[in-house]
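What Swiss-Prot records for 279-290, 520-534, 560-575, 626-649 is compositional bias 'Polar residues'. According to Swiss-Prot, the feature compositional bias 'Low complexity' maps to 333-352, 650-661, 687-698. The domain 'VHS' annotation in Swiss-Prot covers 16-147 and is backed by sequence analysis. Annotation comment: Swiss-Prot describes 261-280 as domain 'UIM 1'. The domain 'UIM 2' annotation in Swiss-Prot covers 307-326. Swiss-Prot lists 276-310, 325-356, 496-729 with the feature region 'Disordered'.
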Amino acid sequence: MAGWFSSTSPLDEQVERATSSSLEDMALNLEISDLIRSKSVQPKEAMRSLKRRLENRNPNVQIATLKLTDTCVKNGGSHFLAEIASREFMDNLVSLLTTEGAPLNTDVKEKMLELIQDWAMAAQGRMDLNYLGETYRKLQNEGFRFPPKNEISGSMLESSAPPEWIDSDVCMRCRTPFSFMNRKHHCRNCGNVFDAQCSSKTLPLPHLGILQPVRVDDGCYVKLTSKSSLPSNLSDRSAFKNHSITKANAMEPRGARAEGGFDDDLRRALQLSLEEAQSKGSSGYVPSTRINDEPAKTTTQTNHEEEEDADLKAAIEASLRDMEEHKKKHAAALKSNAAATDSSTRDSAAATPLPKNPYELSPVEVENIHLFAALVDRLQHQPPGTILREPQIQELYESIGALRPKLARSYGETMSKHDTLLDLHAKLSTVVRYYDRMLEERLSSAYSQHSLGYATAPGGSPYPNIYPTMPSHIPEGKTGAENFYYGNPVADRAPPVGNTYGYPHSSRDIREPTAAPSGPISSGVYNQPGQAVPQNPPWNGNAPSVASPQPSAPSTPFPNNSSGYPGPSASTQYYASAPHPEQDSNAYSGPRPGETDVSHQSSPNMRRDSYYQSAGAPVTARASAPEQSPPTDQGQSPAYMQYGDSHSAQSTGQPTHQHQPTAPPPQSYYFQHQPPQSAPLPTHSQTPGAPYGTYPGGDVSPIGAPAPAVHYQPAAQTKPAVEESLIEL
């Protein structure tokens, strides 16, 4: 009937066998602790099993249960410690101590108080185990007498346990998502989740209390199976294993909890580090000939350990003798360097180099530091008590601790060098910045001098600018507009557009502004057969070509002095072509001797006579100038046109594109018999009542572009007049 209401688990059976009234079974206790640490059983279930076992009335069973509980506390992991430090277990112990019924056995009571004190001392500073300290102080206040305190480190309760499993939707190694075909698998060593491809290895984990092979991922498998390689100079001395170290150790870790190969490597590394620590005064030189010759003497297997000890002693003695010889040679080298300066002495000194700095680490010291780091790294996977059972690690730690002053001096020297280099770098950057500034100033000054040297360059520019600018200086005292348009006469000029400003001139009485046809002249007016293309094209490339007369033409009113004018300025050279022999306007500075000083209203009349007499009707002139009559000399018509246009440009004072008066040469009068290709251009003249300057502004559109809209009404169209030259023929 009792079996119906109570069931015994496998853990309860093992606990009963481990806590029987017979002698203590330490192996079974460790096996139970491994089960708890590997999480094969739940920690709460294990705690309740031990609590039930403590209720037994047999004092031997209670003492055995307390010992088993202490073993599980020290080796069961933090998850089991949390259950022991819970109120459920600790209050049960307090109730056993304070029971008023049957008195508790004295040995059981002392053992219980001792364990509570030890657990409270080891759990100091851990918030998850603070109830142990509270129970200990509560019992002290109630008057319980505890045994003398033992200094117990908190590492006594530290033991490696399998980590908590982590969940994820993808493999934490190859990032492959899990699906119905790709299942999740947890690594027992790290707790991460992987797929089947990344966790196909199995390995026992004795450091976690897992003795049977379990699933691990590829990374943990490589980390656990690969052993840190020893230095190359240690492999030659692998035969000199001191087995006396194993005999001297009273507490040997059990084979189920540590790998045999790890123990051998650890002892070998410790022995070699001790040998090197004894000979740390030397520069790292260890003779290898004696070591390589000694193993041949070990012949029999019976006295193998004794012979290895003798060989080890002989090797140490040989290394000490070599060290003394090396010291003597080093001292002799120092004396020889101080006394002699010849080449032979220098060669012998070079054979035994002196240490560069006293604070530099020797190769042996560097090797000891790396060895100690490797050993500490490997001890992390071992039970907590392993480091306490290996006194050689402590000796190696002390020998390395003696290097701290040397390392501090080296660090200080390095920091001073670093500060010096930073200072030098700052100075160098400042000097480079100053040098760059000097170079920039020198380049800027050279560029400004170069630009001033080429301010006025004669000749036409191959890249004309569409928008002209007024030059800064005017040669020969001419006004800005006259210098702009006549500083370098253009070979082919179009008739000016009639948007002349009506400002009066300062030295002449201008009664009527110059009127001219608006927009560029149609190509039909100058489309004479047999004309030659000028050598330099116009600045806009669209002006009609006009044949140039020969220099010996009798109709030239002014002398041909193309080189008599000064060179154009830098701005005018973009808008003026090569000088024309017939259009040197700068050579004209006033009325010619023998000519009548007429007002400027005659120039538009002559232009009308030259261009529009083919209509058969005279062009109407302004009523304010009835006294002007056309000249009798037909050859002087272009000159008067130029003269009129030049003073019109002077009256405006501003350059415009359409104000470049292009007077046709005298030869053009004999080829105007062709009919115009377009409608006759209207005459742009102001009405008598209009004031001067009523035009909106100069037309700056390029020659050849469509004529802009004008704000004045053109005169009535006249019939094409016949050229006077044709009448003369």
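Each residue, glycine too, has its Cβ placed from N, Cα and C.
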For the domain 'UIM 2' (307-326), mean pLDDT (0 to 100): 75
When DSSP states are grouped into helix, strand and coil, how many residues of the domain 'UIM 2' (307-326) land in each? 20 helix, 0 strand, 0 coil
Per-state residue totals over the domain 'VHS' (16-147) - DSSP helix, strand, coil: 94 helix, 0 strand, 38 coil
